[in-house]
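Listed in TrEMBL for this protein:
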- 1-20: region 'Disordered' (REGION)
- 1-10: compositional bias 'Basic and acidic residues' (COMPBIAS)
- 143-160: transmembrane segment (TRANSMEM)
- 172-194: transmembrane segment (TRANSMEM)
- 206-233: transmembrane segment (TRANSMEM)
- 253-269: transmembrane segment (TRANSMEM)
- 281-303: transmembrane segment (TRANSMEM)
- 327-350: transmembrane segment (TRANSMEM)
- 410-431: transmembrane segment (TRANSMEM)
- 437-455: transmembrane segment (TRANSMEM)
- 467-499: transmembrane segment (TRANSMEM)
- 523-646: domain 'STAS' (DOMAIN)
Amino acid sequence: MGHGTNRIEDMSSPNNETAANARETVVEIHSVCLPPKKTTFQKLKKRFGDVFFPDDPLERFRNQTWRNKVILGLQSLFPIFTWGSQYDLKLFRSDVISGLTIASLAIPQGISYAKLANLPPIVGLYSSFVPPLIYSVLGSSKHLAVGPVSIASLVMGSMLSESVSPTQDSILYLKLAFTSTFFAGLFQASLGLLRLGFVIDFLSKATLVGFTAGAAVIVSLQQLKGLLGIVHFTGKMQFVPVMSSVINTRSEWSWETIVMGLGFLIILLTTRHISMRKPKLFWISAASPLASVVISTLLVYVIRDKTHAISFIGHLPKGLNPPSANMLYFSAAHLALAIKTGIITGILSLTEGIAVGRTFASLKNYQVNGNKEMMAIGFMNMAGSCTSCYVTTGSFSRSAVNVNAGAKTAVSNIVMASAVLVTLLFLMPLFYYTPNLILAAIILTAVIGLIDYQAAYKLWKVDKFDFFTCMCSFFGVLFVSVPLGLAIAVGVSVIKILLHVTRPNTLEFGNIPGTQIYQSLKRYREASRIPGFLILAVESPIYFANCTYLQERILRWTREEENRIKENNDRNLKCIILDMTAVSSIDTSGIEAVFELRRRLEKQSLQLVLVNPVGSVMEKLHKSKIIESLGLSGLYLTVGEAVSDLSSTWKAHGQP
C-alpha cells in the first residue's frame with residue numbers, strides 16, 4: 001500500500017440520510033508497515049523479559065561501579081539495607097510505639113488463631129516471634145505486621161483434621177502442621193524466585209470476597225463452642241454439622257460462660273466500632289483484646305473455687321521456640337496431605353500478605369516488590385517450620401493498627417517480636433486461667449470484618465458473572481468444605497476465562513456522522529452503517545481455541561447483514577472489513593482461519609479487508625503470504641481509509 005490521496009465526493013445511498021449529507025472529503029491513504037526485523041533469539045528474549053521481568057530488575061545496576069553494584073545487590077536481597085542507613089532515633093521512637101501497640105493485639109490473637117488451627121496455643125505465640133524477625137530483614141513493606149491469620153489457620157485446621165485427629169494423634173498432627181508450613185514456604189519462595197507470581201492471580205477478587213466471607217461465617221460458628229461452653233463439639237467445618245452440634249449439645253451450655261462471653265464480645269465489638277468511626281482512637285480497639293484477656297483471666301482466677309463451668313487454657317510452657325526441624329514429616333503416608341495443605345494455605349496467605357502490603361504502600365506512596373514479598377514470606381515460613389511455627393503472613397487488622405500507630409519501617413515487627421519474646425520468657429504462667437471464651441470472642445471480633453457485603457453488592461452491580469463466582473465460593477465453603485469451596489470458585493473463574501478465550505466478543509461498527517471515527521452501532525446510536533460495507537471488530541487474539549468460532553460468527557454476521565439488506569432494499573453488500581486493532585496475537589490456526597474465511601467470502605463475491613493488524617500479527621500475516629492473496633486493496637491502516645479508498649475505487653469503475 002503506497003501513500004496517496006483519494007477524493008470521495010459522496011458515499012450516500014437513498015436509504016442512508018445521514019451519509020447523504022456528508023461533505024466532500026479528502027482522505028490520505030497510509031501504508032501498513034511491518035515491524036522492524038528481529039532474530040528468533042531477540043524475539044524470545046523480549047517475550048521472556050516481558051513475561052518474567054516486567055519490572056526490569058537489572059535496570060538499576062546499569063552504568064554503576066562494582067562497589068555500587070554490590071551495595072545495590074545487598075539492597076535487592078535484603079531491603080533492610082535500603083532504609084537502614086537513614087534510620088534515626090525519631091523513626092525508632094515511632095516504631096517502638098507502633099510495635100508495642102500491635103504486640104498487644106498479636107499476643108491474644110496468636111493464642112486464639114492457634115486454637116483455630118487445632119494447635120497448642122503456645123504455637124501461636126511462637127509464630128508471632130520468629131517470622132516477624134525474618135520478614136523485617138527480607139520484606140519490602142514498611143507497614144506489614146506479620147503473624148498468624150484467621151483464614152490460613154482455619155484452612156490448615158480443617159484440611160489436616162479431616163485425616164488426622166488433633167486430639168487423639170496430637171504429635172502426628174503437629175508434625176503435619178509444621179510440614180505443611182514448610183511446603184507453603186517452599187511454594188511461596190519458589191514463586192518469587194522463578195517470578196511466577198501470576199499464579200496467585202487465579203484467585204480473583206470475586207473468589208476471595210466469597211471465600212473469606214464463607215470462611216468467616218464458619219470460623220464464627222466454630223467459636224460457639226467457646227462462647228457456649230460446649231465440651232463435645234463437632235470437628236467438621238460445614239454449616240449444617242456445626243449448627244446440628246450446637247443444637248444437639250444444649251445440655252452442655254453453661255450460663256456463666258455465655259454471660260461472660262457475650263459481655264466481652266459486646267465490649268470488643270464496641271471498641272472496634274469506635275475505632276472504625278474515629279480512626280484517631282485506633283488504640284482503643286488495639287488494646288481491647290489484651291485488656292480483655294487480662295480482665296477475664298483475673299475474673300476466672302477470682303471465681304475459680306466457686307464455679308468449674310468456665311474452661312481455661314491451662315499450662316503454657318515458658319521459653320523460646322524449640323527447634324522443630326526433626327518434626328518435619330516426609331513419610332509417604334501423609335506426605336500428599338501435607339503438600340496439598342501447604343500449597344493451599346501458601347496461596348491464601350501469600351495473596352492476603354501481598355494485597356495488604358500493596359494497600360498500605362499505595363496509601364503511603366511507596367512501592368512493594370511482589371516477587372520480594374513472595375520470597376520474604378516464603379523464607380520466613382520455611383524458617384518458621386523449623387522453629388515450631390505454623391503458616392504466617394501479613395495481617396490486615398494488625399497492619400492497619402500498625403499504620404495508625406505511626407509505624408515508619410519494618411522495625412515495628414522487631415519491636416513486636418521482642419515483646420512476644422518477653423512474654424514467652426517471663427509471662428506465660430499468667431495465661432493459665434485465661435478462659436477459652438475470651439479467645440472465641442477475640443476471633444469473632446476479628447473475622448466479622450472479613451464479611452464484605454459492600455464488595456459483594458458492588459460485584460452484583462458491575463459484573464453478574466463475578467457475583468456468581470463470589471456466591472459459588474461462599475456457599476461452597478459454607479456447605480461443602482473450605483478447600484472444595486475454594487476449588488469450586490477457582491473452577492468457575494477458569495470457566496469464565498475459557499469463555500472469554502474461546503468465545504471472544506465481536507462488534508459491528510458504524511460511522512459517527514461528520515467524522516472518520518467508526519464505533520459500535522449498539523453503543524453509539526448516532527453511528528450509521530455505510531452502504532456496501534459490513535465493518536466488524538474482533539476483541540481478542542485469534543488462535544486455535546477460538547478461530548473456528550470467529551470464522552463461523554463472522555459468516556453469521558454476513559448472512560444477517562444480507563438478510564437486512566434484502567428486507568430494506570439497500571445497496572448490495574460488497575466488502576467485509578475486519579478491524580484487527582484489538583487482535584494482540586495470532587497463531588497458525590488463526591491464520592488458516594483467515595485464509596478459509598477469505599476463500600468462503602470470495603465464493604459469495606465478497607471482499608475481505610483487514611485493518612490495522614498490530615506488529616506481531618502483521619509479521620505473521622506477511623510471512624504466511626496472506627497479504628499477497630488479499631491484494632493491494634486488502635489491507636489498510638484505519639477503517640476510514642478503507643471505506644474511502646474502496647468507495648472511490650468502485651465509483652471510478654462505475655460500480656453502484
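Positions of Cβ are set from backbone N, Cα and C atoms, glycine also.
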Problem - Candidates 143-160, 172-194, 327-350, 410-431; stretch with most C-beta pairs under 8 Å toward the transmembrane segment (281-303) - result: 410-431
Handout entry: Stretch of maximal Cβ-Cβ contact with the transmembrane segment (327-350) [cut-off: under 8 Å; candidates 143-160, 410-431, 467-499]
Key = 143-160
Handout entry: Tertiary contacts of the transmembrane segment (467-499) (same chain, 6+ residues out, Cβ under 8 Å)
Key = 154-155, 158-159, 162, 202-204, 206-211, 213-215, 217-218, 237-240, 340, 344, 348, 456, 459-460
Fill in the blank from the handout: For the transmembrane segment (437-455), the distant same-chain contacts (Cβ-Cβ under 8 Å, at least six residues beyond its ends) come to 108-109, 111-113, 115-116, 121, 150-151, 205, 209, 212-213, 215-217, 219-220, 223-227, 229, 257, 260-261, 264-265, 268-269, 272, 289, 292-293, 296-297, 310-311, 313, 396-397
Practice task
Determine which residues of the chain contact the transmembrane segment (143-160) at the Cβ level, with the cut-off under 8 Å and only residues 6 or more beyond its ends counted.
Solution key: 102, 106, 109-110, 113-114, 116-119, 124, 127-128, 131-132, 135, 166, 173, 176-177, 180, 211-212, 215-216, 218-219, 222, 237, 337, 340-341, 344-345, 348-349, 352-353, 356-357, 360-361, 364, 380, 390-395, 398-399, 401-403, 407, 410, 412-413, 416, 443, 446-447, 450, 481-483
Completion exercise
Long-range CB partners for the transmembrane segment (410-431) (under 8 A, at least six residues beyond its ends), listed in sequence order, are 79-80, 87, 91-92, 95-96, 98-100, 102-103, 106-107, 110-111, 121-122, 125-126, 128-130, 132-133, 135-137, 139, 141-147, 293, 297, 313, 316-321, 402
Problem - Model confidence over the domain 'STAS' (523-646) (mean pLDDT, whole number) - result: 91
Completion exercise
Helix, strand and coil residue totals from DSSP for the domain 'STAS' (523-646) stand at 63 helix, 21 strand, 40 coil
